[in-house]
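Copied from Swiss-Prot, the annotated features are:
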BINDING   HIS83, HIS182  heme b b562 binding site
BINDING   HIS97, HIS196  heme b b566 binding site
BINDING   HIS201  ubiquinone binding site
TRANSMEM  33-53  transmembrane segment
TRANSMEM  77-98  transmembrane segment
TRANSMEM  113-133  transmembrane segment
TRANSMEM  178-198  transmembrane segment
TRANSMEM  226-246  transmembrane segment
TRANSMEM  288-308  transmembrane segment
TRANSMEM  320-340  transmembrane segment
TRANSMEM  347-367  transmembrane segment
Amino acid sequence: MTNIRKSHPLMKIINNAFIDLPAPSNISSWWNFGSLLGICLILQILTGLFLAMHYTSDTTTAFSSVTHICRDVNYGWLIRYLHANGASMFFICLFIHVGRGLYYGSYMFLETWNIGVILLFTVMATAFMGYVLPWGQMSFWGATVITNLLSAIPYIGTDLVEWIWGGFSVDKATLTRFFAFHFILPFVITALAAVHLLFLHETGSNNPTGISSDMDKIPFHPYYTIKDILGALFMMLILLILVLFSPDLLGDPDNYTPANPLNTPPHIKPEWYFLFAYAIVRSIPNKLGGVLAVVASILILILMPMLHTSKQRSMMFRPLSQCLFWMLVADLITLTWIGGQPVEHPFIIIGQLASILYFLIILVLMPITSIIENNLLKW
């Protein structure tokens, strides 16, 4: 008699994805972040569901409903801060996951990579709309500034912005629809993640060497289930330290002031995980140029397979490309820092140079360096 986990229609899917899945024997801890993202997503959906039970998406009561959650609901403060800081953990895992894909050439799995880029966009949209919901000063002005960027689109821009707002400014209609979208999008993300996994399992995982590992596979369970649990425990430890000791570390103090359309905060800035994009937007004096640059900064990921000129897939044995990769990481950290600074000298010029360097490394330096490495290895 065959095992039920191999014969039952539903169990069979789970078995083939998480138990008997043939996995490369040499994948490192950088491969943990896919499962960590799954855990983050489940955590966000669960905490978000409980927050939605007590939240009201009306401009007059939204701010006080969040205060009510923190003060009056049993463990409401814990749920709220797990959700807020869970988003930060989500983005840390996302950035590392994408970085791993760039470093080890995982973008050569075209379908998996492209679905991943769509997922990145969707998660960013969801996080942005979630930041608007507490209806503090930074929520309101962040929503106003970021949605206003769409008015740079020629001809339809202004109409598009007013259509998104549901009026002539960010108001009740905007808050209600953002809540609706913020609630539904995580389920869209879950569906996309399932497709992402489906395409990945068509090809099998990449590994640090970038060489086919078909002749050396091991079952996912118990080897990688235990490894993923260890990663999850580490992540939960960091998250709990953040939530229980300094829950407001990554937030903005301005968001503890109720939204006031008549009073603009001195420095409008988004959450830390959008600061790199915000720095790119601000580094171009032209509004449309800034919008195009920031969209390009993420859409550029789709071009990665076309920009791959090396004969090797992974950067593991390519020291020159490794230097460029870490330059890119340092550049993104610089952009994140600049995004949180006021628009004044010397931050403006640093932001402009960092933005130019970002595109230069990806579009010019990396492909050229790969060709040089090919020639050095006489390939």
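The backbone N, Cα and C atoms fix where each Cβ goes, glycine too.
Everything Swiss-Prot records as a feature, shown here on the structure.
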| residue | record | contacts (Cβ under 8 Å, 6+ apart) |
| --- | --- | --- |
| HIS83 | heme b b562 binding site | GLN44, THR47, GLY48, LEU51 |
| HIS97 | heme b b566 binding site | PHE33, GLY34, LEU37 |
| HIS182 | heme b b562 binding site | GLY48, THR126, MET129, GLY130, LEU133 |
| HIS196 | heme b b566 binding site | THR112, ILE115, GLY116, LEU119 |
| HIS201 | ubiquinone binding site | ASN16, ALA17, LEU21 |
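Contact counts against the transmembrane segment (226-246), taken as Cβ pairs under 8 Å, peak for 77-98 among the stretches 33-53, 77-98, 113-133, 178-198, 288-308. Distant neighbours of the transmembrane segment (33-53): 69, 79-80, 82-83, 86-87, 89-90, 93-94, 96-97, 100, 130, 182-183, 186-187, 189-190, 193, 228, 231-232, 235; these residues of the same chain sit at least 6 beyond its ends, with a Cβ under 8 Å from one of its Cβ atoms. According to DSSP, HIS182 (heme b b562 binding site) sits within a helical segment.
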